[in-house]
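Everything below concerns the one structure shown next.
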Amino acid sequence: MKQRLTYILKDASTFDPSQLKVTKDSIEVTGLDAAKEQHLTFGFDELPPKIWRVLKQCHELHIRWAAPVPYNAISPFLSRVSSGLHVFFTPRRETPANLLCPMLRNFDETLKCESPEKTFVPQRVLSERFSTSSSFSYYTPTKSLDSLESYIFVQFCDILDLHCQEDVYQLGSARYVDIDFDVISNTLIIRAYWEPSHKPGGWTEITRLQKGSTLEVGVLNNEKPDEPEELKLGGFLTVVGSDSKPKATLFSFPARYHPLPNVSSTREIEYKVAFRQPTGMHPIMEINLEPKSLLAPSESCALHTYLTLPSYIFIDKYQFNDDLFLASQNLRRLHSINGETDLEAPDWVIDKWGSNALFELALPSTPAELSARWTVTIPLHLRYLKPAHNSSGIDAVRVPWPAVFWACEAEEGLKMSTSPFDRVNLGYDSLFGPKTMFYPIPPGTAGWWNPLVETLSVPVLDLDRSSWVEFGTIAAISLGTLWICWKLFAAVMGGDKGKASRGKKRQ
Amino acid sequence: MASAITQYLSSPRVVFPAAVLLRAALLVYGTFQDAHSPVKYTDIDYFVFTDAARYVSRGQSPYQRDTYRYTPILAWLLLPTAWGGWWFSFGKVLFALGDIVAGWLTILILRNHYGMPMARAVRFSCIWLLNPMVATISTRGSSEGLLGVIVLALLWAVLEQRIMLAGVLLGFGVHFKIYPFIYATSIIWWLDAARLGLPTTHSTQSPIEKLINHLNQRRIDLGAISLITFLVLNIAMHHIYGSEYLRHSWLHHFTRLDHRHNFSPYNIQLYLNSSPAATSSLHLESLAFIPQLFLSAIAIPLALAKKDLGATMLAQTFAFVTFNKVCTSQYFLWYLVFLPFYLPNSSLLSKPWLGMSALVLWVAGQAFWLQQGYRLEMLGLSSFVPWLWLSSILFFLINCWILGIVISDVASSHVSPSQREMKVEEVG
């Protein structure tokens, strides 16, 4: 196993080298106010059979989980996905991946996943050369990693191994967790990110070098980059076991994700998402953007939003053919829609997990509009849900906030993958060319209690109150049928009578 | 004042230009609204048709467009809409022209076969020609108006005894929208020996002779021609578009779930039983076609067709729509087109309070349902039970009551004078 820990200091001026203590087989940090990334690499033979049996069915597997709460993302960990569990997957040609869904159920017992063939959605790739993207995608709005934590506890931690338990517990508190596997490298990589001030008083912890593994720790901070498409980090690197003390370092690398320039506080650029009330069966999603987030980082940029929609909610792509309609929603165009887009089916007949949509957003055209908040609306539609007991006729569904970002043309794209912190396979990135830089806009931090998932009330048929529907319907149809039959019978038998009485009237 | 209006509405020179003007105005207004408002005047279905026509113009299948469930002929007809610019409205103009032709056919039938003077015939054609609902639906680009012209042409051809034409129209109508097959029974029943000036059945004949007598040449011709037309069209479409044609134009209509709320009394039952929550193993709604087809295709034609074919077709269509598993307001146009043949001799006109009550109840039933639909779709309230269910059942019962009146009226009406005259002529 290879372990890499990266602490990115929030404020380099507060750092004192005494906060770092290196021994032969451990490193201790004290009170570090920093974001942290843990990067674990496992060789195939280091994995327990339960895991490699699943991986043997995959050509490529990328799992992305993001917490439902807003968090502070610090360069170079800026990229974001909608909260929940995303899976990007390429099967091996000869084997059906029948173990993948059962494995995913360890994240969330209730998730809808029958098999990759039935439930996953083939990915659309705009640029064929962008070979890093996988061929299928999956999503479910899993809120926490609690279920995964207890699975790992039970399956992989020795009951007396407190370090293992603590590590797993910490994993559960990460803001995002990535799990990557591919056949070519034949390694499993787990990456987890914690925001600064995750722990009061900063990070105070000892990390030990385990037998047969390597441990590399960086305590770094962002420096002003020399090139616009690069990031620059300075600070200390320590290879535990071979370095007796931290080594000073300064390095630059081309990066795919960049922070929006000229922003003093993320508050200035946060977006918020809400649904217009009442939501009904045709909810309208509102994305509220701060004026500063509307300033393009450079001329080649366009503002986008990427929606992740579970099967019960969908987009009618035909609505977005009309320029006037698009303009009225402050949208420019529907760039791509992929997945289950049936306009008529109820949720219970949909096998696929749902759909993704990428929109380009319109920008304010007048200076007056530029100084105010800008609201983009996206009309959505709900499918009918299963009738339910004890629901008082209302069911609840969860819709994650979409990701919002600027996408810009980059001069040099192919070198981005050389970045030690490069993160790909986020869904939307495969819809752009390889020479694209992203400037993510952070979702609003109205408070930790304000999750990045909206809950919608969906009216459903209340089974507790509809036991008489079948009888009532049959009774009404029978009544109507008999009434008409009676009229027809009377018509055939008494037709002449009618004629006679009518004749009389005329006289 | 009132009499002046009546006079105006009695003159084809006023009514036809007015009907054309009404549609032209709506077309221009619709184009204006579409160009300047994000809320479109044009019906969503029209975008389906025109998208399908665009696929056809590129040599592709119209079924590439999601929710295109119609005959490819419709997309072919609308091919000019793919030329861009003003041609986009070509289909709407075609549908509106269909309306006008249907109105003209109404007058033709009323005059030649119901013995109605021109002025009165024109007045009754206004129910269709100057009906704002009809004009709006066709100028918004819904193809229901086109269907009106097909079924009226069918009625006219039958009454004129142009059996060849009638057979082709019937076959084409069924290919176009399935439901006109119900008219086959009433037309065939109406084409009896007496009507054709052949010797009538004698009581001394054996049942087999009677049956052979029923199978007169015209009936056989009509059946054969309509069947051949229908088969040729379907085989041709299947040849061109393959299983896609069968799947979207035919199988879809038999396998659709119809779970979304609509006017049909079966609606909530279908939502319940199409879902995994279904507890009933009987699935009685799958038998819904029995009362529907029994009434619209068998009982009503047999009881009424010989009295008055036009009014019988109204009763049949009314029964078909009322008892259907899915029902939206566009379906009401299917029977509205026959109203001018029934209304003149109806108790709804001769007893104004009855007519007014029927109209008010029919509208109120829809309004009550629409309010529940609004509470569900827009406000997100769970109005399925009891209110949405109750409103659809209530609307169903109102429709049954009205249908009962129609049946009694048609049964007690005389065979229309001209139809009798014609019989006499032919016998003579």
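Keep in mind that glycine also has a Cβ here, set from the backbone N, Cα and C atoms.
Taken from TrEMBL, the feature transmembrane segment applies to B:14-32 (among others).
The annotation transmembrane segment is assigned in TrEMBL to B:67-87 (among others).
Annotated transmembrane segment per TrEMBL: B:93-110 (among others), in sequence order. Within the chain carrying the transmembrane segment (B:93-110), a Cβ under 8 angstroms from the stretch's Cβ atoms is held by residues 12, 15-16, 19-20, 23, 27, 77-78, 116, 118, 120-122, 124-125, 128-129, 134-135, 138-139, 141-143, 145-146, 148-149, 152-153, 155-156, 159, 310, 337, 340-341, 344, all 6 or more beyond its ends.
As annotated by TrEMBL, transmembrane segment applies to B:146-172 (among others).
Per TrEMBL, the feature transmembrane segment maps to B:178-198 (among others).
Per TrEMBL, transmembrane segment is recorded for B:219-241 (among others).
When Cβ-Cβ distances below 8 Å are used as the criterion, the transmembrane segment (B:286-305) is approached by residues 181-182, 184-187, 189-190, 266, 311-312, 315-317, 319-320, 323-325, 407, 410-411 of the same chain, each at least six residues removed from its ends. Look at TrEMBL and you will find B:286-305 (among others) tagged as transmembrane segment.
Marked as transmembrane segment by TrEMBL: B:317-341 (among others). Counting residues 6+ beyond its ends, the transmembrane segment (B:317-341) has Cβ neighbours under 8 Å at 102, 106, 109-110, 114, 121, 124-125, 127-128, 131, 133-134, 137, 142, 144-145, 147-148, 151-152, 155, 179, 182, 256, 258, 262-264, 266-267, 270, 285, 288-289, 291-292, 295-297, 300, 308, 310-311, 366, 396, 399-400, 402-403, 406 in the same chain.
According to TrEMBL, the feature transmembrane segment maps to B:353-372 (among others). Long-range contacts of the transmembrane segment (B:353-372) within the same chain, counting only residues at least 6 positions beyond its ends with a Cβ under 8 Å from a Cβ of the stretch, are 263, 329, 346-347, 383, 387-388, 391-392, 394-395, 398-399, 401-402, 405.
Here the transmembrane segment (B:384-407) has long-range neighbours at 261, 263-265, 267-268, 271, 300, 303-304, 311, 314-315, 318-319, 321-322, 342, 346-348, 354, 358, 361-362, 365-366, 368-369, 371-373, 375-376, meaning same-chain residues at least 6 beyond its ends whose C-beta is under 8 angstroms from one of its own. According to TrEMBL, the transmembrane segment annotation covers B:384-407 (among others).
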